[in-house]
Amino acid sequence: MKLIKQSGIILFLIGLGIFIATVFLGSFNLKQEQLDSFLKEKNYKSTIIAGELQKAIVTNDALNIFEFSSRVRQAYATSNAHYDNLIKKYDTEKNWDKKGEQFQYKISGKLHSISFSLAKTSGKGLAVNNTWLMWFLTFGLAIIGALMYIIPDVILLGKPGIKNNGIFLNAATNRGWIGWFAFIFLVTFYILLYFYPDYIVNWVYLVDPISKSISGNPASQWFLYGFLYCIVMTVMAVRMYIKYRHNKYQILRTTSVLFFQIVFAFLIPEILVRFEKPWYDFKNAFPLDYDFFFKWNLQELLDSGAFGLFILVWGIILTIVVVPVMVYFFGKRWYCSWVCGCGGLAETLGDPYRQLSSKTLLSWRLERIIIHSVLVFVLVMTGFALYTFFSGKGEILGIQTQTIQDIYGFLIGAIFAGVIGTGFYPIFGNRVWCRFGCPLAAYLGFVQRFKSRFRITTNGGQCISCGNCSTYCEQGIDVRAYAQKGENIIRSSCVGCGVCSAVCPRGVLKLENGPEEGRINPTDVLLGNDVDLMNLVNKK
Amino acid sequence: MEHIAIIGNGISGVTAARHIRKLSDKRITIISAETDYFFSRTALMYVYMGHMKFEHTQPYENWFWKKNRIELKKGIVKQVDTESKALHFNEGDKLKYDKLIIATGSKPNKFGWPGQDLKGVMGMYHKQDLENLEKYAPNNKVCKRAVIVGGGLIGIEMAEMLHSRHIPVTFLVRENSFWNGVLPEGESNMINKEILSAGIDLRLSTNLKEIVSDENGQVKSVIIQETGEEITCNVVGLTAGVSPNIDFLKDSKIELGRGVKVNRFLETNIPDIYAIGDCAEQYKGIDQRRPIEAVWYTGRMMGETLAQTICGNRIKYKPGHWFNSAKFIDIEYQTYGWVWAQPKENEARFYWEHESGKKCIHINYDKDSREFIGINNFGIRMRHEFFDKVLNEKQSVDYVLEHLADANFDPEFYKLHEKEIVTKFNLENNSNIKLKKKSWKRIFSKA
């Protein structure tokens with residue numbers, strides 16, 4: 001068994017190694033007609049970009065992706081610099097008309113994304129020509145290896161039950177060197193994904209056939225991400241099934257998040273695209289889905305006929321009716337740990353790291369400030385977006401809607417939700433985004449805290465203050481602080497993962513939905529205690 | 001300002017301090033030689049097993065004490081001078097008090113076995129024991145086998161600890177079935193099986209004769225009383241119960257029995273000196289409780305009670321209905337009310353065990369009045385509030401079975417066995433109890 005496990009980790013590492021090496025493989029260069037069709041599509045006004053790009057990448061040289069990217073960006077820089085110089089020149093000549101004319105020739109946009117789309121049409125080499133072989137050597141080996149590493153736990157972990165042995169003695173799960181490597185890998189991955197997609201174009205090639213079979217289109221980096229997300233969640237869900245095989249709540253919850261990720265976040269949107277409908281994830285509620293009310297999205301939905309309208313109405317109902325009503329009956333867990341994709345990744349890939357969340361009072365304070373600031377931010381931004389949509393004006397009080405949207409997309413959408421939210425799993429625990437950043441979680445939290453039937457019931461006086469519940473709370477709630485006083489746990493941040501209840505050695509905690517009355521502090525008597533005494537203790 | 005000195009920073013002393021602070025402005029000093037800050041003793045096992053770090057066992061952050069003006073002093077009290085109201089420390093200094101609370105807890109029992117003080121022999125009670133275990137049994141290369149002596153709660157925990165690091169464990173239990181002084185036969189048997197199936201070498205009806213030293217004064221082996229068998233080992237865990245940790249009071253004027261003698265107000269024979277927690281001994285056990293109760297929650301309750309008395313509201317210590325819980329490797333255990341190992345004359349019993357051999361319940365009730373007396377539940381969680389109410393209201397066994405669905409506290413979606421249990425009861429007792437559906441209204445209604 002141990003041997004299988006060890007071979008598994010080796011296979012996994014080989015797969016991962018080849019995956020990383022794939023970045024450096026292959027060569028890129030364009031034929032003239034490829035460039036022509038690209039330029040035709042882009043319809044740049046610049047008169048020199050065509051020549052610059054031709055010089056740069058229409059070549060017989062086998063460029064690697066970094067050279068290719070750098071040449072593409074250089075070509076755009078040259079073109080833009082040319083017009084910048086003209087602008088400066090006309091400026092000194094005070095030739096305002098001429099100066100004004102030049103701006104139209106400048107090309108904006110993310111250069112790495114442009115470079116990505118060029119590279120995506122012009123790659124050669126193993127990833128492009130032997131896609132399935134390379135797929136097997138990367139994804140395939142990593143999946144097989146990971147499963148070989150995970151499945152022997154059925155026997156190695158011992159009988160079903162809580163087996164957290166050695167978690168704080170392990171370099172992977174206690175911020176040891178493995179944890180730091182995982183951290184660096186994840187952060188790098190997200191930075192590449194969001195900001196340097198051209199560098200990982202070979203990875204995207206690997207999933208092209210899969211994308212084509214689902215949506216009919218070649219893959220983008222977002223398809224790669226979605227696919228990887230599903231694979232990682234599936235493999236790590238197997239781990240959850242084994243680890244919590246005695247706990248039906250965990251089994252069902254894991255199945256649910258897996259289902260919603262694969263079907264709702266991955267398959268349905270891609271299939272919609274196949275039928276020329278807008279890409280839409282039906283479970284992704286605003287304000288987590290922060291660009292739902294952006295002008296371009298509303299426009300696209302309105303242009304998509306009845307189906308687009310349906311999405312628009314559903315998206316609004318989801319946020320203002322479905323979400324709060326469900327939270328009233330079941331707590332925010334129905335979304336955060338049964339449906340949500342971010343939650344899904346946190347509960348599968350992130351589960352080994354849940355014990356790393358900070359439980360200090362200070363982090364609770366920070367949490368409340370930060371998450372509610374993000375909520376305010378997203379609401380203000382949406383206000384701007386709606387104003388812009390209805391009035392057609394691009395700015396209010398001199399502030400550009402587009403600027404706010406760009407800042408949010410960069411700071412919150414990419415850096416916070418992605419790079420920090422997932423990249424920091426091995427250091428700050430698996431719910432960094434959900435706890436500190438997610439505006440939807442903040443909204444659900446208000447409902448859960450003030451109007452819900454959900455609570456974690458504390459079982460009378462059975463708590464022995466051992467601290468397992470607090471340690472394994474991914475949201476950093478000091479569960480013990482409530483349990484040892486006999487108080488129910490009603491916290492806006494609780495995502496109802498149920499692990500505090502699972503790890504409790506004395507059967508103290510139970511997630512349940514019941515009448516609102518008496519939900520908070522139903523036990524004015526800490527059970528087992530003398531009633532008269534407790535009356536005194538509770539007297540203020 | 002009145003100065004309250006508390007010896008011991010465990011759950012009893014700390015609870016007393018917290019509540020005195022809530023009720024008053026008195027100066028409070030907590031004295032401990034064991035650790036700087038309060039921690040949960042029951043969680044020490046999880047630190048060795050790697051479930052937690054030591055800091056996780058501390059229920060309050062380190063700033064808590066200063067913020068609440070609770071002074072912490074590290075030191076060992078050598079002597080209590082009740083005349084001049086002063087504590088004398090091993091380190092030579094002294095501390096004056098106006099009121100003194102003794103909350104020094106327990107220490108592991110040693111029964112004078114030859115070799116009981118060798119290196120590698122330890123209890124599992126203090127933080128120092130944990131450090132010792134980490135030193136002598138860091139892994140199964142250094143510690144090739146460990147022997148545990150004494151079949152109680154700490155014994156099985158220590159076996160589980162060592163087992164978690166793949167160290168082979170031999171578990172010597174004096175009784176012919178695990179913890180059968182407390183557990184009835186069925187439950188005790190179930191735990192025997194659980195221990196064996198975890199791969200622990202359980203030896204029932206087996207006594208320790210002596211612990212053998214190697215040339216360095218370290219454990220080399222133990223010898224079994226009954227068979228003379230010698231078992232080679234590197235660590236010996238002595239877990240044959242605990243007794244009050246009160247040696248430092250031997251020369252004081254405070255009345256001692258096995259523990260510090262206290263009345264129902266937790267007062268000792270000397271005015272302004274009190275004792276709470278594991279080290280306090282009632283003159284007579286309250287209800288059917290023992291005079292000394294080494295239980296987490298009784299320590300907490302005594303601390304709360306005494307805080308009232310000290311702050312001018314003198315009240316009796318009145319623990320409610322007995323309850324307790326533990327975990328035996330993978331099997332959780334809870335009990336509410338009394339289920340004695342042997343039924344008393346007026347008692348009837350009902351026992352149900354799940355086919356997996358990992359779950360059971362055992363109900364004790366009065367033969368004639370059918371009043372519910374207590375329940376043991378293994379592998380099934382039950383609602384404390386439910387049974388507290390049942391016991392207050394003196395409900396019958398039939399009521400309990402009818403409302404088992406209200407009583408269940410297992411996580412959602414767990415397989416429930418109530419139907420099976422009630423069917424078995426009806427069959428055995430020729431009764432016709434019908435299980436009621438779970439009712440939130442009943443569950444949350446106040447008694």
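Quick reminder: no glycine exception, Cβ is built from N, Cα and C everywhere.
Taken from TrEMBL, the feature transmembrane segment covers A:9-30 (among others).
Residues of the same chain lying 6 or more positions beyond the ends of the transmembrane segment (A:132-156) and with a Cβ under 8 Å from any Cβ of it are 1-2, 4-5, 7-16, 18-19, 22, 126, 206-207, 209, 231, 235, 238-239, 242-243, 245. According to TrEMBL, the transmembrane segment annotation covers A:132-156 (among others).
Sequence-distant contacts of the transmembrane segment (A:177-196) (same chain, at least 6 residues past either end, Cβ-Cβ under 8 Å): 69, 112, 170-171, 221, 225, 353, 414, 418-419, 422-427. The transmembrane segment feature in TrEMBL is assigned to A:177-196 (among others).
Look at TrEMBL and you will find A:222-242 (among others) tagged as transmembrane segment.
Here TrEMBL flags A:254-273 (among others) as transmembrane segment. Non-local neighbours of the transmembrane segment (A:254-273) in the same chain are 211, 214-217, 223, 226-227, 229-230, 233-234, 237, 240-241, 244, 279-284, 337-341, 343-345, 347-348; each lies 6+ residues outside the stretch with a CB under 8 Å from one of its CB atoms.
What TrEMBL lists as transmembrane segment is A:306-330 (among others).
The list of residues near the transmembrane segment (A:369-387) in space but at least 6 beyond its ends in sequence, with Cβ under 8 angstroms from a Cβ of it, reads 286-287, 290, 293-295, 393, 396, 399, 401, 404-405, 408, 412, 416, 435-439, 441-443, 445. Residues annotated as transmembrane segment in TrEMBL: A:369-387 (among others).
According to TrEMBL, the transmembrane segment annotation covers A:407-428 (among others).
Annotation source TrEMBL lists domain '4Fe-4S ferredoxin-type' at A:454-482 (among others). When DSSP labels each residue, the domain '4Fe-4S ferredoxin-type' (A:454-482) comes out as 8 helix, 5 strand, 16 coil, counted as helix, strand and coil in that order.
Annotation source TrEMBL lists domain '4Fe-4S ferredoxin-type' at A:485-514 (among others). The average pLDDT computed for the domain '4Fe-4S ferredoxin-type' (A:485-514) is 95.
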